[in-house]
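Here's the structure, in structure tokens; my notes come after.
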Amino acid sequence: MSHRRYNPLLDEWVLVAANRVNRPWQGAKETKAVAGPSSTAEETLNPLAPGGTRPNGVVTPQYTETYVFQNDFPSLTDTRSSVEESAEETDKDGLFKMQKASGTCRVICYHPDGNLTMALMTCDQIEKVIDVWIKQLTDLKDKYEWIQMFENKGAIMGCSNPHPHGQLWATNYLPNEPLKKYINQKKYADQTRSVLLMDYAKQEVLKKERIVCESEHWVVLVPFWAFWPFETMILPIKRHIKSLLDINSEEKKDLASIMKQILVKYDNVFKCSFPYSMGWYNAPTGKYLNEDTDFWTLHAVFYPPLLRSATVKKFVAGYELLCEPQRDITPEMSEFEELLDFTVALAVFGK
């Protein structure tokens, strides 16, 4: 039966129509995703690999762990053009507004080995990536209001280079999605004197209907309001944490471990290098460092596009573009058994 579910983080609804997943499919199919470059020669020529040459002629150093550099084709810079100088102009009736947008864009290579996706890395190696995320936050937090760390994994997600890497975009403003999350978490705190995502995580742990994996400090769950077929969220459960800047060494080690768990589970769903977009939502920075943001909870999200198999993805079109998001399966784990062999469902979702 179709129904709608409310997303309190974004103050919007998602239509859930579980019968849609069984409709006949004669549409587009993707090539099954594989991890890393297809050959040693391809990796040698890769500009993100140690010794590779980037489009601007810069040779990537022989790094041995992680490596961060300024994006050669940034969407945001701190250098303003003549067009951007006039970007604050607004017409009389306010229908044509522009706003200056400045920032910085960086690339984070996870490891020199181009075949090592994060799912294949050791927990110690993942912990080093977390260290880099924390250092980047530390370096940029005073200058920028929002620091978005993310990864687009797989060609299906528009990833332009197969060498495992993530990105960082920092901006002088709160982008649309973080702004909604800021407003709605603050509203919940004002109304209840409590913390939205901490309350939510506690309820999910009690219900145990959508938990994928759980550790001492963190939980990975399928959100009640999930839109993407295999969408998950990472949340703290032992104590309230606002940012990766606030985690201690024990929490960091535990986070690396649970990230490894969920990424391996993803790869096991359809026996492929599972594509996704993922990102971290730390508390806003810049001017917000001087404001009370105790209502904010650190969280990460994974948005995988695959729906029925390693080659069939969910398309966002029609009603979903024009009206509201629509989900083809319910977020509860038992529904995933419609797509997976039961033994795989047991291994992946712990049922």
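Quick reminder: no glycine exception, Cβ is built from N, Cα and C everywhere.
Note: TrEMBL annotation is automatic and uncurated.
So that you can see what the record holds, here are the features copied from TrEMBL:
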ACT_SITE  H165  active site, tele-UMP-histidine intermediate
DOMAIN    2-175  domain 'Galactose-1-phosphate uridyl transferase N-terminal'
DOMAIN    184-334  domain 'Galactose-1-phosphate uridyl transferase C-terminal'
REGION    34-56  region 'Disordered'
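Averaged across the domain 'Galactose-1-phosphate uridyl transferase N-terminal' (2-175), pLDDT for the predicted model comes to 85.
Non-local contacts of H165 (active site, tele-UMP-histidine intermediate) by the CB criterion (under 8 A, 6+ apart in sequence, same chain) comprise L48, V107, I108, C109, Y110, E151.
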